[in-house]
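Enquirer: First the structure, which I've put down as structure tokens, then a few questions once you've had a look.
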Amino acid sequence: FFFSFQGDYVWVDLDVGEDKVPIGAEVKLSSTGELQLIDDEGKEHKITKKLESSLKTMHPSSVNGVDDMIRLGDLNEAGLLRNLLVRHKEGIIYTYTGSILVAVNPYQLLPLYTTEQVHLYTDRRLGELPPHVFAIADSCFFNMRRSRKDQCCIISGESGAGKTESTKLMLQFLAAVSGQHSWIEQQILEANPILEAFGNAKTIRNDNSSRFGKYIDIHFSKSGVIEGARIEQYLLEKSRVCRQAPEERNYHIFYCMLMGMPAEQKKILALGTASEYRYLTMGKCTSCEGRDDIKEYAHFRSAMKILTFTENECWEICKHLAAILHLGNVDFECKDVFRHLLLHGLSLVEQTGCPPNPAFSHLLNDFKTHALVQAIYGKMFVWIVEKINSAIYKPPSEDYKPQSIGLLDIFGFENFNHNSFEQLCINFANEQLQQFFVKHIFKLEQEEYAHEDIVWKHISFSDNKDTLDLLANKDMNILALIDEECHFPKGTDATLLYKMNQKHKDSKVYKPPKSSHDTKFEIKHFAGHVTYDSQGFLEKNRDALSSDLLKLVDTSTNKLLRQIFHNDVSTTTTGITNIIQGGSSLKRVPTLSGQFRQSLDALMTTLTACQPYFIRCIKPNDFKKPMLFDRELCMRQLKYSGMMETIRIRKAGYPIRHSFQEFLERYRVLLNGQSAKACSESICSAVLNGEDWKVGKTKIFLKDYHDTFLELEREAALNVKALIIQRVLRGYKYRRGFLRQKAAALVLQKQWRGYKVRKQFRVVRQGFSRLQATVRSRQLCHRYRRQRAAAIVLQSYARAFVTRREWRRKRAAVILLQSHTRGVLARKSVKRIQNDVWQLREEKQDEELASITDQEMVDNIFGFLPSVVGGQEGQAPDGFEDLEGKRLLLEEVDLDEAPMAVDLPEEDYDDLDEYSFSKFASMYFQGAATPVFIRQRLRQPLLYHEDEGDVLAALTVWWIILRFMGDLPEPKPIMNDKPIAPDRSLQPDVASRQNRRLSNLVGIDQEEVSLMEEVMIGEGPTLDRPLSSLEKLHIIMGYGIVRRDLRDEIYCQICKQLQENGNRNSFFRGWILLSLCLGIFPPTERFIKYLQNFIRTGPGGYAPYCAERLRRTVANGVRGEPASWLELQATKSKKPMGISVTLMDGRTINMPVDSASTSNEICQTIAQKVKLTDTFGFSLYVALYEKVWSLGNGREHVMDAITQCEQEVKRKGGQEQHAPWRLYFRKEIFTPWHDCGQDEVSTDLIYRQVIRGLKYGEYLCEKEDDFIQLAAKHFYIQHGSDASMENAKSVVNECINSTLLEAKSEAKWVQMVSQAHSDVSPKVLKKANKVKAEVVDYARQKWYMLFSKFFEVIKISGPALPKNKFILAINLSGLTFLDERERKLIVETLNPGHSVCLLTLKGDFMLNAVSAADIANLTTMFLDGLRERSEYAVTLQESSKLDDPTYLSFKKSELIQLIKDKEYLPDRGWLKGRNERTGQIGAVPTDAILILPTLTKPSNEILTLISLSPDQRQNIISSTQKGTSTERVAPMSLKEYSFEYFRPPSKDVNKHIMSKGAAPEKLWANSREPLRQPLLKSLMGNSELSHQACQYMGDYPTRQVQTPLELTDQIFGPATQHEALRDEIYCQIMKQMTSNNNRFSMEQGWQLMWLCCGLFPPSNSLLKHAQRFLESRRRETLAPDCLQRLQASLRTEPRKLPPHQVEVDAIQQNSTQIFHKIHFPNDTEEIFEVGTSTRIKDLSHTIADKLMLVSADGFSLFMKTPDKVLGLNETDYFFDSLRQITDWSKKSKRVKEAGPVAVPYLVFFMRKLWFNVSPGRDLEADLIFHFPQELPKYLRGYHRCTKEEVVHLGGLLFRVKVNDDKSQFIMIPKMLKDLVPNDMLKVTSADDWKKNIIAAYNKQAGLTVDEAKVAFLKAVCKWPTFGCAFFEVKQTSEPSYPDIVKLAISKQGVTIINPKTKDILANHPYNKIANWCSGSTYFHMTVGSLVRGNKILCETSLGYKIDDLITSYVNMYLNETKAVARPRNQRFR
């Protein structure tokens, strides 16, 4: 007997059970000392001879078990079984079989699924750690990313084996390893609770059995991030809704709903408990141990919210579930069944021949009810799955297919006591999956070994092909028979069974029933024999409702019910219609088995396309008990799963196989070699030594562990190579450092030696100095003794003198003190008497003021105004004196009776009642500002202003308003040179409006305005001096005009001073000021309704007057100048102003105007008065002294010009009120097609203007005869044929200029004019009007330059001109550039948007002008009008149609004369024309000609220029210009590069014919033609960016106006995403910059190049060409910077997004430095330079260094948009982050506002993570960040603190507010909100708070403000909530918590706080948080294990902030642990 030692392990064959598998046993000594066996089940066995013969020694590997069963020594069934048993006892449930995972259900929660486990198994190789489901998931993820092939994991096993839990764990791991915590990940995870609720139920074998199958296809991006998923469901067990087996439950959702639904909702649905419903009590089980239905319902509702189910949809689902339960309780009773069935079209009774039977009727109605209920539940389940898919699945684009991992969780093999059709379908699915397993593991693998000539011993395996053939594959299979029988009208279950017996009775896997009456048959499955009952097979397979039930559903009012049955109702309706119409081709309704087979086929196709992984789930026992292992049950599962064969083939086979090339590419680093095969063999020989591996024909075959070993060796080799690189680089670094140190040491030595010598010299010199000192000291000592004796005598006399003098001084001081004291007492007495007198005088003055009427008060205010009529003061301007003397009043308006604006009807004001000024003040006023009258200066503006200049301006305006209204006295003149306070001086933008001069043609001379976004504030003229009322008005209005953001502030200040103002004088002054401002500038949209409501409350007369002024100002826009004297007079009387406008015929029109009147309104009024119809070109002119300029006929304000005139008079020392300005109505410009006969009134006015111009020298003639002829025609018009001398003399005086009269005598002129008149009169027998027309036509043609519209412009680009600044004149002859003849007409900075492009035959001009739009509109109108009237055109191409005379033949560039013909209309594409060369007439196509905008025949020069190409035309023009440029070497181009990489030039046949002889297309040179296809060969067929570079550079015109940012987005956007497009962008830009003569285009091209070089580098092939291109153009401004940016882009990663708006704006202003403003929590800001490649982290460190912070750790940048504050990722580029957020905001706003929008934003730098924060350690951080960030949290009441702490902190905060100013104690009650937390304000009274805070303040005496802030932080940091970020959210997942909770996030974790009591409800450290994510309005967090962790769902719009904070804290802790943790495997390199 060889078992002599106890402790040995043996195999014992007990021959017990069917399987007869030996059991393991341990040899032990019994109490009697005999050897006995203790088997694995704990049973004792005595060793008998029979037993001893069966004993076998156990291999050591089977004693304690192994991780991978391939390594078992006992490779038999007993070894497998014991290995699982041993590990199960130890709580190890996972075991490998190669790469297949065997999972034993533990029936208990094990600590295997924590976050630590997820991190542990992430990025690990299979087999590196103990077996785990996470390892399989990680391997799927790794192989998907490495091989770029889809993966799938097939999870199989019996019901209750744990398939569903394994699927969920796989999902959890993949979501965690994705690492994004995205909302889509959480949505995918939350689909499980919903599907389990509706598709899982408690069965005998499983408490959470899946009664349906599902395949979850998870989609990943290229970077491994989850993008979405799609769920496919298979064969829901609908019969469970109506029937359950004993001890089984219905679906979970019913019980969860009844337990968890609120009582109010249950009451509405009339629901009770589960025991009340028949459908829930059939299994006599309504509860499930281990399931909390209440909590599950909460999780279910949370999941519905996360998956975007609306509340209405959730309620509809609950209604349907309730309806199902109520239907189950309905009992049917029918008296006349036969008649009832006939009425409904059913003939079932007739077919069966059964008489009417109540029991049959009851069964029939129950059957219908069950069918309807099952159909409703099934359809609703399908709808829910589709709804989930709509939330988590996004269809991929055609050109992008995401990678995926599929998880198959399908029903396990089932064998019950009663098996029906459902079990047949389920087992058929399992047969398919088993066949897939067999095919993948055995068949395909052994076939590949044979194909690759691998020596292999065939391994037999159990194949279930026969069973599949019986069920579905062969002809007349069982499923086909079932489908066929369903379509027979008389088919029954009996006939079906008969046919199956006939067809398959001889099959080995089919066993027919034992007798003809037996309905059961048996099938041999891979998992055993299963007996099926055929009853109900056909009905279940049909799975269709009767037509009457479908009609009933169709009549339902429930939308969801109709929706889920929509397809069935439609199909039924169509079928009935076909039957009625006699249709014979009725499509068969698909059966359940057919649909299921189709779904399975699609599933198998999907699985076949993936690389599979297998998880075999084993159920250890049937009792669902932990630590119980049923050997027979487990052995049966191992047998039918083919695990034994699997182990054999895995052990003997080579599951890892690579092609030679793939293997070489992966492991090339391990060895050198020649061919791929030889290298692969060499690598394996060298690395794997003599291991078992094979080489096939095309692949190399390895074991599982070989792959791991090779990966480790590869990583080690890469590490060695990396070390070599590091060694070389470090050597270079240290050698370079050594040389620097050596050089530095030499310098140090030299300096030290010099220092040493100098030191020795100093020692010697010091010795000699000491010797000299000793000698001299002895001499001085002797001299000192003598002088000391003399000094003592002198001191005695001096001290006596000083004592006497001091006594006399004190006596005089006492006398002086007495005199001053008596003086003070006397002065106090006098001051008291004076105060009494002043009070008496004030009382008397108030009595006198009360007696003054309102009108008298207004008259007093405006006492300085004279009574004037506009336009009639003073002497007439030069040249218009004649009109002054003969004013003919055409119409005069009585200004006193002029109609005023009447009160608006009351109904118009109804909607203004809610817009009160007090309401506005409460919403928008800052601080403690009130909306009522006060008499003191403001410390801050009423409204918030971002601009510092606006803040100071608001305070200045307030001061001036108080002075104007009399609420503050006027200051005394300043007599010293003290500096002026900013709010007491006039700011530059307002001060610059003073001292301007008038100029001819354009009026006021403007000062240059800076383009800076924030105007620097300097000292202007002081306001701290007495000002007149007019000066005050002009200052207030000036600020309103210049500063748009200040207008609401001004109106609010005025309204504030008018509200509750008891001083009548101040009150009326305020209303006068308000009415004047209303005529100058309007309020913003925010304030206008409040202002309208306030105006309604005004005093009598002012309300309607102000309302009308407001209406007019809003309509006509803001004024450019303050109010004039004329407006002040109108305000005094509240009536319109009267002005006089003089016509050129001497007539004058007095008309009423107001402050908003424009030149267009006045011109229209004049035209109506004089009946002028042809109004074009007539304008309003202003004249003052010798200056005259045009106001045009547009929106220019007339009163602005009058104000300018008054200011000019004041500047010259005159009085504004007597400014001698005049208004005239004149002709300014003619159209080229002007017709004098169209309007006689127009002709007469122009004629009068011409005659006056002749008289006063405005219009000059070169010849004297021209004057005589014009005078003669005037003679004829005035006097006809009467040629008397008196008439002739009057004509001469009217026409001839005085200069000409002086040159020749008047008599001589009279004689010449009379002679001309006598010569003209007989010839001219015309009417006077025709002669007038001749004079006007002559003037129009002769003096066209004087009839011009003048604009000052600046040339940006174009042909060379003597000057770039000149006058552009537009007139009937065209456009003329004039040199400036007087001082600069207008100086104004021109924005890039104020530009116009003129394309001319002599070059293209890009001009900047203030009136660019007017230039473009006027030019376009002239061109369109000329083309419409033109008779000439030039041909663009050749047309030769000699065979058809209808068509006109012509050559290119020939002149065609157009002939009007009604048969040929341009709309039809044809015109009739005559060829000038041939004289032929015919039809001309409009697309072949260019209509010339001219009324005369064009010259040959013009025709020649038109015929030339742009380059030829440019050469001709350049040759005519003077001077030649210096010849330079041609810059580099892409010509050389294009030969190899560019596509061949396009062959356009039409273009080739049109341009015969032209040079071939140069793809590398500039072209104005859009690209039709890419330049590069590699991008042929992808031309989406072909012409965008041309658009930005202005080379290709587009109709759609696009901003520069939109164009740069189109250019660079796709290139940032697709690397292949980057070279194309570089090539297009360089192409357009080659041989480009358009300067504007070149500037735009350099801007694009600058942007491109900063975004991404070109490829290596293009890099050298790009560098040469830039280096050859170094003279260009941006070329060096482009080179520098190009080099920098090579060292960094490419940008992810196109340029930001800031970058585009900067380069458009030719600025290569970009500065960005960063804001800080303490309301300060700094400017920092930010580069294109600046990252967030770099900028954070720069800011920290500049602020001198101790460390930048924990700080971060934030971007604040109008609706969100978002943290910026420190690894991203700064501008990429800004761009990403602004694009997202724009997109959301564009959806809401339907249009492009601008998103304002601010960038803040704040502390984000509060760790290692110790107040006092970093003073700068405390003052700038910690205190401003913590103070709001404290005041909002987020912390729990005592009253004593609040008092102490209140004292500190009060000191921060007022410092040492104790006079502010009285303000403490008003400041309590800034001192005490909100929730503590009512703890005690305000007075008590005041008393306690003052006491605390006094105790803290001596502290500075900064010390008080630090003391505050030191007190607060002791609280546990210090540094927390607080979020108030609504939670719906935890019933024990209140609905509203507060989340506090800090370094300790996430704390949940009750907001009312501030009690801590829970605290979750970060290592316990398994998952978190945020959606649009939700935040979700899972705490604890991934299996049964607590889920917390919060409703909040700030979920993104919570998500970001938690992620940042977790990353912080992970980074801290990385230093000590093992380095991760770099598997994805």
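Using N, Cα and C of the backbone, Cβ positions are placed for all residues, glycine too.
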Enquirer: Write down the single range among 600-622, 715-737, 922-944, 1290-1312 that appears in TrEMBL as region 'Actin-binding'.
Expert: 600-622
Enquirer: With DSSP as the yardstick, break the domain 'PID' (1941-1970) down into helix, strand and coil residue counts.
Expert: 3 helix, 18 strand, 9 coil
Enquirer: Report, as numbers and ranges, which residues of the same chain sit near the domain 'PID' (1941-1970): CB under 8 Å and 6 or more residues beyond its ends.
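Expert: Same-chain contacts beyond the ends: 114-116, 118, 172, 176, 1809-1811, 1838, 1840, 1920-1929, 1931, 1981-1986, 1989, 1992, 1994, 2002, 2005-2006, 2009-2010, 2013.
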Enquirer: Tell me, what is the mean pLDDT of the domain 'FERM' (1137-1463)?
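Expert: A mean pLDDT of 84 is what the model gives the domain 'FERM' (1137-1463).
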Enquirer: Counting by DSSP, what is the helix, strand and coil composition of the domain 'MyTH4' (1566-1708)?
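Expert: Result for the domain 'MyTH4' (1566-1708), in helix, strand, coil order: 87 helix, 1 strand, 55 coil.
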Enquirer: Once the chains shown are all counted, how many other Cβ atoms turn up within 10 Å of the Cβ of SER159 (ATP binding site)?
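Expert: Within a 10 Å radius of the Cβ of SER159 (ATP binding site) lie 20 other Cβ atoms.
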Enquirer: Which site among GLY157, GLY160, GLY162 has the most other CB atoms no more than 10 Å from its CB, taking these as binding-site residues?
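Expert: Highest number of other Cβ atoms within 10 Å: GLY162.
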Enquirer: Within a 10 Å radius of its Cβ, which of these binding-site residues (GLU158, ALA161, THR164) has the fewest neighbouring Cβ atoms?
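Expert: Counting other Cβ atoms within 10 Å of each of the binding-site residues GLU158, ALA161, THR164, the minimum falls on THR164.
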Enquirer: Other than its own, how many Cβ atoms are within 10 Å of the Cβ belonging to LYS163 (ATP binding site)?
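Expert: The answer is 28 other Cβ atoms.
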Enquirer: What are the DSSP helix/strand/coil residue counts across the domain 'SH3' (1428-1494)?
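Expert: DSSP composition of the domain 'SH3' (1428-1494): 8 helix, 26 strand, 33 coil.
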Enquirer: Take the mean position of the Cβ atoms of GLY157, GLU158, SER159, GLY160, ALA161, GLY162, LYS163, THR164, the recorded ATP site. Which other residues of that chain put their Cβ within 8 Å of it?
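Expert: Residues close to the ATP site, other than GLY157, GLU158, SER159, GLY160, ALA161, GLY162, LYS163, THR164: ASN105, ASN206, SER209, GLY412, CYS617, LYS619.
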